[in-house]
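Copied from Swiss-Prot, the annotated features are:
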ACT_SITE  Asp67  active site, proton acceptor
ACT_SITE  Asn136  active site, for ring-opening step
ACT_SITE  His138  active site, proton acceptor
ACT_SITE  Glu143  active site, for ring-opening step
Amino acid sequence: MKLLVVKDYEEMSEVAAKIFKEVISEKTNAVLGLATGSTPEGLYKKIIEMNRNKEIDFSNIKTVNLDEYVGLGGEDPQSYRYFMNEKLFNHVNINKANTFVPNGLAKDLDEEAKNYDKKVDELGGIDIQILGIGANGHIAFNEPDDFLIAETHVTGLTKTTIEANSRFFKSIEEVPTKALSMGLGQIMKARKIVLLVRGQDKAEAIKGLFKGNITTHNPATMLHMHKDVTVIIDEEMANAIK
């Protein structure tokens, strides 16, 4: 596991974008594993800028997202499909037919989960996966528990996660209570992983990642078992976890 300490969020986004650029430059039909939330927004802005400057080409790129809320369709402004369209896909030369997000409106959610894993495998797996981390150490919607599920699955959201995500909704009552989430097993198959950490509320989880044991009660610690993980934190976080 490689730790990079950067000055601030701007530099974090810049460094992450350069890593993505390297992958795309080496493999023009790469499969990118993408995440939502506020943390990767800076990265996406940098990628859009690179695309406009002809530094990277998305015409043959494919993407897979980590998760989606159950009950929200892609036209819903709070859905992760909508987020990805607004924050990235609408601004680069990507074929949206090559962008994959779990279907939160699927009639058979378990079947949707199985098909999603099948699709990732058909694409040849993920070349680079961007991750964020929750205050409780969750990765995607893999919440702390006595055991973690390897495959894409339907999961209930914890009170902590619902409260954290309520900032994106008008009220906490509007936050979905379930999601389709890629499992840790599928995430760990990615050839390269980049974990971006933003916000002091993540300090305890990051302390556990670097100073604690590997445990399902801090899902992020599972990343220690991957051969190519880069964790990017800012100086403020570095001081907080000393």
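Here the Cβ of each residue, glycine as well, is placed from N, Cα and C on the backbone.
Positions of Swiss-Prot features highlighted on the structure.
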residue	record	DSSP class
Asp67	active site, proton acceptor	strand
Asn136	active site, for ring-opening step	coil
Glu143	active site, for ring-opening step	coil
Whole-number Å value for how far Asp67 (active site, proton acceptor) lies from His138 (active site, proton acceptor) (Cα to Cα): 13
Surrounding CB atoms that lie within 10 Å of the CB of Asp67 (active site, proton acceptor), all protein chains: 21
Whole-number Å value for how far Glu143 (active site, for ring-opening step) lies from Asp67 (active site, proton acceptor) (Cα to Cα): 13
Rounded to the nearest Å - Cα separation of Glu143 (active site, for ring-opening step) and Asn136 (active site, for ring-opening step): 8
Neighbour count (Cβ, 10 Å) for His138 (active site, proton acceptor): 25
Neighbour count (Cβ, 10 Å) for Glu143 (active site, for ring-opening step): 22
